[in-house]
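Report on one structure; see the data block that follows.
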Amino acid sequence: QNFTAQAEANTQIEVKNTAGEVIGSGSTDSMGNVSGYFYQVYLHGEELTFVVVDRAGNRSTEVKQNALIDDIAPNAIENIIFNENGQNFTAQAEANSKVEVKNAAGEVVGSGYVDSAGNVSGYLNQVYLKGEELTFVVIDQAGNRSIEVKQTAFLDNTAPENATNLVFSEDGSYLSGMAEPNATIQIFDQYGQLLNQWNNNVNWDGTFNIYLNSNYMHGEVFKVVVVDQAGNLSEAVSVKAPLDDIAPVAASDLVFNEDGSSLSGVAEPNTFIQIFDQNGQQMNTWSQSVNADGTFTIFFGTYNLHSEEFTVIVKDLAGNVSEAVSVKAPLDDIAPNPIKNIVFDANGQSFTAQAEANSQIEIFDSFGSQIGWGSTDSTGNVTGYFYQVYLHGEELTFVVIDRVGNRSDEMKLNALMDTIAPKPIENIIFNENGQNFTAQAEANSFISVKNAAGEFVGYGYVDSTGNVSGHF
């Protein structure tokens, strides 16, 4: 895969195969010494073509030379040593070769690489600890294969020691203990069903922590089995989960926030809060967990400001429930103040004003139909919008609605009156396509176009800066 040569100083070498494909390259130092590399191994006498390319891009005449021929099989692998894990091996073989491993059925089940000193580092695709017969072949860089060497894998039929020092966590969510390093742990419930464990490996130091798929706190009995890498099973060892049948203390210090959207309080740390309405329906709360310091804040999806009565229950990790505690939401039956300082926009379709913070505004025409709406920010500033333009002094009625639905007294105000005709259109420019035009006119106005017979034949719109875009 490498070559040396001599050529013009500071040039490049290009190497091609008989098909004219570039299959290697080289570079020449200031003394004319070439150091080159092939993209793959050539050891079968292949004809190769070499060309020198100088810095100006000039190319030399071609030189053809055949690669080396290596048709000698490498020596067979020696000194195979299996690792006790049943999945790795070391050995000696021809330097820079590869090792292929097959099972009794002739399937490739492993491989190895040989360094420049002839040391093999190999890996089997699965654990072999049942005395299986394996066949090893050395393959050199030319692809020549050695004679086969058969060797039997380790035989491990000794059951691992039973798991010891089994301890459940306080919340029953994981089990720790000691077992044979690099083994796996199986945990079975009282019905003989294997638990769906998140991680069942024993660490290299023999410790393990098995996380379970739920909290076990009812004194459940489990059986623990150790499985070694050869698949041998230990005896089953029984272990009991913690028993927690004590109901948590009822929630205390229950306080609704001012707008009735959340409830805070104190309860047993790491428990859950359930809140039921006066009909016994559980509220769909955003978060139900009690913090590690025993505090909680439960957010509702609505504002509760009608003195609704709720029932609060604490539920611990074992499923025990506390006594129910009642709590009343705030009562807000005070109508908000009417809207004030209404200012209409000159466009006749929007307005600003002041009203109770976080309220909504409804607007009605003289027939009682809703014709607009508005919203108020946290500082009481209203931004509102009408569904159509009102510029003829129409009487409009405004009502403020707070978060609870309380409605203010009505406030009536006449819309702006615009009876002044706009200036005529200016600077009309027809497009050469004969179907579009541009111009200037009063901002936010509308353009209608008639022919000599008085028929409507086109229209245009004016943007906020007075630019007309029209179409016939």
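Each residue, glycine too, has its Cβ placed from N, Cα and C.
Caution: TrEMBL annotation is automatic and unverified by curators.
Look at TrEMBL and you will find 4-64 (among others) tagged as domain 'Bacterial Ig'. Note on the domain 'Bacterial Ig' (4-64): DSSP counts are 0 helix, 32 strand, 29 coil.
Taken from TrEMBL, the feature domain 'Bacterial Ig' applies to 73-153 (among others). Across the domain 'Bacterial Ig' (73-153), mean pLDDT in this model comes to 97.
Positions annotated as domain 'Bacterial Ig' by TrEMBL: 159-242 (among others).
If you look up TrEMBL, you'll see 247-330 (among others) marked as domain 'Bacterial Ig'.
Sequence annotations record features per position, and here TrEMBL assigns domain 'Bacterial Ig' to 335-415 (among others).
The domain 'Bacterial Ig' (73-153): residue composition by secondary structure is 0 helix, 41 strand, 40 coil, according to DSSP. Of the Cβ pairs linking the domain 'Bacterial Ig' (73-153) with the domain 'Bacterial Ig' (4-64) and spaced 6 or more residues apart, 3 or more are under 8 Å, so the two regions touch. Secondary structure of the domain 'Bacterial Ig' (159-242), assigned with DSSP and counted as helix (H, G, I), strand (E, B) and coil, comes to 0 helix, 35 strand, 49 coil.
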